[in-house]
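**Q** Submitted below is the structure of interest, expressed as structure tokens.
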Amino acid sequence: MFDHQALIEKSKQYLWLPFTQMKDYDQHPLIIASGEGVCLTDTQGKSYYDGFSSVWLNVHGHRKAELDEAIRKQLELIAHSTLLGMTNVPATLLAEKLVEITPPGLTRVFYSDSGAEAVEIALKMAFQYWQNIGQKEKQTFITMKNGYHGDTIGAVSVGAIDLFHQIYQPLLFKSFKVPYPYVYRHPSRDREQCKQDCLQALHHVLQEHHQQVAALIVEPMIQGAGGMITMPPGFLSEVARLCREFDVLLICDEVATGFGRTGRMFACEHEAVRPDIMTVAKGITGGYLPIAATLTTETIYEAFYADYTELKTFFHGHSYTGNQLGCAVALANLELFERENLVEQVAEKAAFIAPLLQELASLDHVGEVRQIGLMAGVELVQDKETRQPFAWENRMGYRVSLKMRELGMLTRPMGDVLVFMPPLCSTREELQEMISIMRQAIEQVTQGEQAYV
Ligand code: PMP
């Protein structure tokens, strides 16, 4: 059906892929032609499990009949019209739905097209809120070390993964970076100790600088791109409490964790946290089309509501914001969540895979397995005793992921942390099969690696 070889040549000749060293792509090219359920098929007809939900967003599988139909139905009316100064039917209905399902207090929806944009909007909104109410000195942000919020300049400014962000330093605005409770890498390895150390550091920064701080941004319950690092219980709620105490807005970035991924509709629900601003994207359309949103409170919204001449308007927008096709499929996606009781199902499936994933921790080179809901990371190390990582040049995570591809599953590692984020609809059998592929790949690639250096 496809001229596989010709397509491969064209892909090598014309494309520049995101987050990809093209020298790697040229050695291991792959072109996806179709998908069905939890599987993707390439141009040669080989099928793979979509073990990372096509970068953390697929929910009900590929070619879900109800979602396909929602797009077809919307197409008969219109594909797109602007949201500048007007709205459209599905964007309006989706806003109502989002307010209904997100934590109490979030009453306003500002659309965009990607997670990074939703974050940019959150940052600008928080900044301008304080400007509009006359607290002009509150201009900076607090962010967590190892955090990730997208690739645009504002999002990178509040990011803290050296490998991705260091080179752009001269372009970035400054923010306060506080330690994140990465228990596995804390000298004590003690959850409570690690949590207390991080909270103390945050408290110190707030006490010293809160008058200059507009907002704190955090990935709730788990840092994704930083290496699937789960928080100790009680950390997020304490961060939220400190933000309130020091009059700093709390931005929860739910781009990766939102829409059922962690076993709750939104991760901040695990600790009954009510953010002032929340960003969502990825799973909002079931993984179909690029819709994102920044939700906020009536208090923040009202600080922008004034006569035009007062210069309090939020001057931000994108051409495709509130796209009808995207909003229509998002509505259908959320209907399916309800009809299929999906969030409860995720919690059940998470409990089912927990022991299977923990079995991987017995392998020679698996340092730690971290999981919340259907979001997991397997940290590979050279030496389990000392927690010493593999040498950077070894590219262990990448090599194991290539082996998984060979064995029939696609995923992308974060350094030496293997990522497991299957579509939420995956059956128990499919989950079991995917974990078994992961195990085989780890065994085959790490076999013969020295356990001690
Ligand atoms: N925030 C978080 C927490 C994310 O994980 C990501 C993407 N992985 C983003 C923001 C950026 O989203 P996008 O790729 O849609 O710009």
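Placement of Cβ uses the backbone N, Cα and C atoms for every residue, glycine included.
Unlike curated entries, TrEMBL annotations are predicted automatically.
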**Q** From D50, D247, D253, D383, grab the residue that TrEMBL records in the same pyridoxal 5'-phosphate site as G115, A116, H318, S319.
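**A** Only hit among D50, D247, D253, D383 in TrEMBL's pyridoxal 5'-phosphate site, alongside G115, A116, H318, S319: D253.
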**Q** Rounding to the nearest whole angstrom, report the longest C-alpha distance spanning Y148, K282, G317, R412, listed for substrate.
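**A** Per the listed residues, the maximum Cα distance equals 31 Å.
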**Q** Determine the binding-site residues, out of G115, D253, R412, lying near ligand 1 in the sense that the CB is under 6 Å from one of its atoms, and give them in sequence order.
**A** G115, D253
**Q** For Y148 (substrate binding site), list the number of other Cβ atoms lying within 10 Å of its Cβ atom.
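**A** I count 27 other Cβ atoms within 10 Å of it.
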**Q** Could you list the residues of the same chain, at least six apart in sequence, whose Cβ is under 8 A from the Cβ of G317 (substrate binding site)?
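**A** Those within reach of G317 (substrate binding site), by Cβ under 8 Å and sequence separation of 6 or more, are L83, L84.
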**Q** If you count Cβ atoms within 10 Å of the Cβ of R412 (substrate binding site), leaving out that atom itself, what do you get?
**A** 17
**Q** Which one of these binding-site residues, K282, H318, has the sparsest Cβ neighbourhood, judged by other Cβ atoms within 10 angstroms?
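**A** Ranked by other Cβ atoms within 10 Å, the binding-site residues K282, H318 bottom out at H318.
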